[in-house]
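S.K.: Here's the feature list from TrEMBL:
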DOMAIN    13-148  domain 'MARVEL'
DOMAIN    153-297  domain 'MARVEL'
TRANSMEM  12-40  transmembrane segment
TRANSMEM  46-70  transmembrane segment
TRANSMEM  82-108  transmembrane segment
TRANSMEM  120-138  transmembrane segment
TRANSMEM  150-177  transmembrane segment
TRANSMEM  192-212  transmembrane segment
TRANSMEM  224-246  transmembrane segment
TRANSMEM  272-291  transmembrane segment
Amino acid sequence: MDPQGGHYLNKAAILSGLGVARMCQLLLGCTTVALVAHGAGFSATYGTYCMFVWCFCFAVSLVIFTLDVTRLHGCMPISWDNFTVAFAMLATLMYVTASVVYPVYFLASQCPSEGCEVRNYRIAVTACSGVCCFAYAVEVFVTRAKPGHVVGYMATVSGLLKVVQAFVACIIFGALANDSQYNRHVPTQYCVVVYSLCFAVTVVVVALTVSGRTSALRFPFDRFVVVYTFLAMLLYLSAAVVWPVFSFDKKYGTPARPEGCTRGKCPWDSKLVIAVFTFVNLVLYVTDLVYSQRIRFVSNSVA
């Protein structure tokens, strides 16, 4: 045994490009949280969300980095590579939203009532958050599937898209909860069922992959994922037609934004957000299906 403990520590977790990216994540994440707590400040729902993103991502990143350096991740009852790349993708998306939401609601061209020093802190927070988002994206890029390498499902384009699909669904749920008036019509309630069902199955697919339990299933997991993706695409296609009709058609809704509608509490805005991200998720499921079919085709050809 190495008296310096080299046998137990993973030097590659620090000296590799992946290790550098993770150390940058920790440094920038800690700096962002410290700046917000010290002088930038946050308030209301949007500020609380941003603070949650920064604290959550920093805490999980610290755990991942520690377990990787000490090699203790081998004791975890999960598929480590699938878990880390899935989290990196999720953290990238969360940081993107926080880096947009925070300056929109807390950063103005003029100094706030608290003084110009607070504005400078908020500029620094926005900058650190944006750079940290890039650091997580670098981890996704480094650990993604490459030709000729055997990797976990979550490192493939299809696996990464599953994380994005679930995240987009969360945005839709947030808009639904923000006075979207979805319960006024049965067809819009159907859309909510579509969003919920697809989100639930996507989360199950990610959870099974991360937990490493896919081999215990009594059916081919890859075939199930492809069939589910196809069905989810059809469901989202129907929602992409139904939701705009019953939200913006003159017969059922309001084509234009009502005058005097309060920003952040306007049902029309929520309906528009849902419509936009419904189409976003539809495109994601179509892309996922195309990629999954391509992988199966290549595999069958080689066989």
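Think of each number as a place in line: the chain as shown, counted from 1.
Note: Cβ is positioned from N, Cα and C throughout, glycine not excepted.
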S.K.: Top stretch among 12-40, 46-70, 82-108 for CB pairs under 8 A with the transmembrane segment (120-138)?
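M.R.: It is 12-40, which has the most Cβ pairs under 8 Å.
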S.K.: Would you kindly list the residues that approach the transmembrane segment (46-70) from elsewhere in its chain, counting only those six or more residues past its ends and only Cβ-Cβ distances under 8 Å?
M.R.: 8-10, 13-14, 19, 22-23, 25-26, 29-30, 32-33, 36, 76, 84, 87, 91, 94-95, 97-98, 101-102, 105-106, 129, 132, 136
